[in-house]
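Student: Could you have a look at this structure, given as structure tokens, before my questions?
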Amino acid sequence: MIKYPNGIKRPAGMKIQEKNLPEKNGATQVKLSKKVEKKQVKSNLPSLKSFTKSTVEFGKRGMNFEAEINATNDYYLTHGMAVVHKKPTPIQIVKVDYPKRSRAKITEAYFRQASTTDYSGVWQGKYIDFEAKETQQKTVFPLKNFHDHQIIHMENVIKQGGIAFVLLHFATLNATYLLPASNLIKFYYEKHGLKSIPLDFIKKYGHEITTEQIPRIPYLDILIEHYEVQKNQNDKK
């Protein structure tokens with residue numbers, strides 16, 4: 001049995017190994033038990049160092065291109081500048097189960113290829129329609145990202161007096177361009193044998209968008225600057 005010095009009582013509820021323990025080390029053994037118990041409790045908590053590092057890395061990563069456009073559209077809507085929404089991707093339902101009479105459960109489905117473009121809406125009484133694409137390439141933008149039906153759709157939008165364009169993001173260069181659909185369509189038909197659009201062509205006929213904090217992708221700035229000028233020139237004619 002361990003003997004404690006005068007005036008010191010053994011803590012209530014504390015269990016210690018008393019068998020074969022030297023009497024002089026009893027108090028030391030109790031103290032070590034407390035330390036081990038405290039260390040085990042702390043080890044279950046997340047490391048402050050690792051948590052801080054993870055938070056910083058997430059902040060650096062930021063939003064992807066699509067999320068940045070969606071956030072920009074939300075900003076335009078909130079401030080009454082434009083109403084633009086992302087079109088939902090069509091879904092082909094393959095199998096449906098009916099576990100209950102009043103409830104249907106989709107058990108198998110797949111995404112169909114989008115029939116038109118990514119975004120559409122209204123800006124200053126004008127219908128706008130655009131596609132958003134991203135690439136890791138540095139000097140060209142792959143044409144495989146565009147499909148015939150999308151080119152035809154943008155052609156039809158222009159014929160009806162709407163504004164159509166594409167937002168092209170070069171992730172490696174961290175550069176974003178607005179290319180009018182008319183230039184894309186012309187290149188698509190005339191250079192159909194090519195597999196990509198040269199960056200020089202995009203710089204020549206497109207407009208680089210200066211990214212900002214809010215809104216992140218201010219593409220309306222390009223429309224205000226260039227499409228309004230074209231509109232005024234057409235009105236004078």
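Glycine is treated like the rest: Cβ placed from N, Cα and C.
Reproduced below are the annotations present in TrEMBL:
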BINDING   T116, D118, E131, Q150  Mg(2+) binding site
SITE      K133  site 'Transition state stabilizer'
Student: Give the residue from the binding-site residues T116, Q150 that has the most other Cβ atoms within 10 Å of its Cβ, counting over every protein chain displayed.
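Tutor: Top count of Cβ atoms within 10 Å goes to Q150.
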Student: Count the other Cβ atoms sitting within 10 Å of the Cβ of K133 (site 'Transition state stabilizer'), across every protein chain shown.
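Tutor: K133 (site 'Transition state stabilizer') is surrounded by 15 other Cβ atoms within 10 Å.
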Student: Since the record lists D118, E131 as binding-site residues, which of them has the fewest other Cβ atoms within 10 Å of its Cβ?
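Tutor: It is D118 that, of the binding-site residues D118, E131, has the fewest other Cβ atoms within 10 Å.
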